[in-house]
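> Take this structure first; my questions come after.
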Amino acid sequence: MNIFRLAGDMTHLASVLVLLLKIHTIKSCAGVSLKTQELYALVFACRYLDIFTNFVSLYNTVMKLIFLGSSFSIVWYMRYHKVVRRSYDKDQDTFRHYFLVLPCLVLALLINEKFTFKEVMWTFSLYLEAVAILPQLVLLQRTRNIDNLTGQYVFLLGAYRGLYILNWIYRYFTEPHFVHWITWISGLVQTLLYADFFYYYYQSWKNNQKLHLPA
Amino acid sequence: DDVDDAKDEL
């Protein structure tokens, strides 16, 4: 464990807690893409299949349970909670996220480190996580104005990915045979997707104006 | 084997 990875995990944890807090306290999910949340729930479900068979550490297991629990409860809130679901903007959140799932699954079947069920599902979760933010970014562009909690949520998610890249650089130089192109490339693609959001987020912060993305 | 050392990440 290195400081970049710990900071990355904590930032990732903060992002889901910010979102859960927003939904739970103000009972609203305005501006939040249910499609992205469903994709994240699928990502964690496919990535943590070995949660009970491959014990890494208490920290690892606890964090996996938190990510599984939070992502599924956010989806539950947005789908079934009688108050929250009313604030879900389903005719704006129209990204066909099934078009993301299938190509990621095919790619995972073609490019993976080992052709076993668990390894393919794990690789699928990496590719899917790389694109899972797209429906949310599209929704932000559509709804123009971003309430600061949703903006903070996306910002923290991007920061977690950036810190993970620093973690991989650190591990590459400190652990002799730590080379994982699949993880690195999908993580890099994911981080690049946030680049333009970061740019507009920074601009709005610098000019101290409401964040809005160009159409 | 080296594959599993990437599995210690979340």
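Keep in mind that glycine also has a Cβ here, set from the backbone N, Cα and C atoms.
TrEMBL annotations: computationally assigned, not manually curated.
Heads up, here are the entries from TrEMBL:
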type	residues	note
TRANSMEM	A:55-77	transmembrane segment
TRANSMEM	A:98-115	transmembrane segment
TRANSMEM	A:121-140	transmembrane segment
TRANSMEM	A:152-170	transmembrane segment
TRANSMEM	A:182-202	transmembrane segment
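Can you walk me through where each of these features ends up in the structure?
Away from its own ends, the transmembrane segment (A:152-170) comes close to residues 2, 4-5, 7-9, 11-12, 14-15, 18-19, 22, 32, 133, 136-137, 140, 178, 180, 183-184, 187-188, 190-191, 194, 197-198, 201 of its chain (Cβ-Cβ under 8 Å, at least six residues beyond either end).
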> Return the stretch with the most CB pairs under 8 A relative to the transmembrane segment (A:98-115), choosing among A:55-77, A:121-140, A:182-202.
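Looking at each of A:55-77, A:121-140, A:182-202 in turn, the most contacts to the transmembrane segment (A:98-115) are made by A:121-140.
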